[in-house]
Amino acid sequence: MTVQTSKNPQVDIAEDNAFFPSEYSLSQYTSPVSDLDGVDYPKPYRGKHKILVIAADERYLPTDNGKLFSTGNHPIETLLPLYHLHAAGFEFEVATISGLMTKFEYWAMPHKDEKVMPFFEQHKSLFRNPKKLADVVASLNADSEYAAIFVPGGHGALIGLPESQDVAAALQWAIKNDRFVISLCHGPAAFLALRHGDNPLNGYSICAFPDAADKQTPEIGYMPGHLTWYFGEELKKMGMNIINDDIAGRVHKDRKVLTGDSPFAANALGKLAAQEMLAAYAG
């Protein structure tokens with residue numbers, strides 16, 4: 001006998017009119033164990049360069065009908081790339097716009113994963129006690145030890161990051177100083193911070209979560225309503241090219257900008273980023 005799971009968004013009782021994804025959508029798009037593999041870096045980096053993670057600090061995203069989507073950073077999209085980079089020898093720091101703790105989509109946490117969960121527990125304090133991004137930006141110069149900026153996905157990346165002058169300044173610094181920029185899924189929404197000033201990403205090609213897919217997710221209760229705007233449309237207006245129209249786990253490299261299309265690309269993006277950064281800094 002087949003048990004039917006509900007497509008109704010689930011109530012988040014921590015906030016008025018807020019909702020988690022439906023049981024059905026979670027059954028289709030989350031798993032208690034990740035697809036982490038290929039973590040093999042026999043000659044890891046031994047230097048001081050590290051990763052700056054720009055994380056989400058807000059949980060609730062308004063939708064077109066007034067309901068709130070309970071979101072944050074997607075755990076798979078955050079932790080799998082970092083697992084690879086850490087195994088390759090690169091430590092990381094976490095910053096948020098406010099300096100307040102990172103918000104995660106805990107409903108997507110691979111809670112039975114025997115590698116990812118210990119890694120998360122080991123580094124949880126970094127996400128609970130992040131740096132304030134403005135303080136990091138104020139200290140950036142050509143000699144700063146950050147080798148890359150990583151913006152994880154999850155719909156939380158749509159909140160605050162696209163309008164942040166500090167995000168714009170961090171990205172401008174990274175591109176102009178030949179550092180890596182790594183992102184996936186909804187994370188590239190942060191690139192919209194460059195819209196109203198110097199935009200060094202004009203003409204770059206990336207993978208990202210397709211707007212067309214976002215427009216379909218309310219049908220299965222992943223979100224309680226439709227988005228009020230779509231970041232892919234806006235990225236194209238600022239001169240960026242999104243090369244994928246589906247979510248097949250695709251990754252892409254354009255110079256030092258490394259991107260993936262969805263949580264299905266998290267492991268592959270981690271591999272790509274680790275390999276590229278080792279070639280640049282440990283070769």
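Using N, Cα and C of the backbone, Cβ positions are placed for all residues, glycine too.
What Swiss-Prot says about this protein:
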ACT_SITE  CYS185  active site, nucleophile
BINDING   HIS86, GLU91, HIS123  Zn(2+) binding site
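Taking the Cβ of HIS123 (Zn(2+) binding site) as centre and 10 Å as the limit, one finds 18 other Cβ atoms among all the protein chains shown. Sequence-distant neighbours of CYS185 (active site, nucleophile) (same chain, six or more apart, CB under 8 Å from its CB) are HIS74, GLU77, GLY153, GLY154, ALA157, ALA208, PHE209, GLY260, ASP261, SER262, PRO263, ALA265, listed in sequence order. All protein chains shown were included, and the count of other CB atoms within 10 Å of the CB of GLU91 (Zn(2+) binding site) stands at 15. Summary of the Zn(2+) site environment: with the site residues HIS86, GLU91, HIS123 set aside, the chain residues having Cβ atoms within 8 Å of the Cβ mean position are ILE51, LEU82, LEU85, PHE90, PHE92, PHE119, GLN122, LEU126.
The local packing around HIS86 (Zn(2+) binding site), expressed as other Cβ atoms within 10 Å of its Cβ over all shown chains, amounts to 21.
Following the DSSP three-state reduction, the secondary structure of CYS185 (active site, nucleophile) is coil. According to its DSSP assignment, HIS123 (Zn(2+) binding site) is helical.
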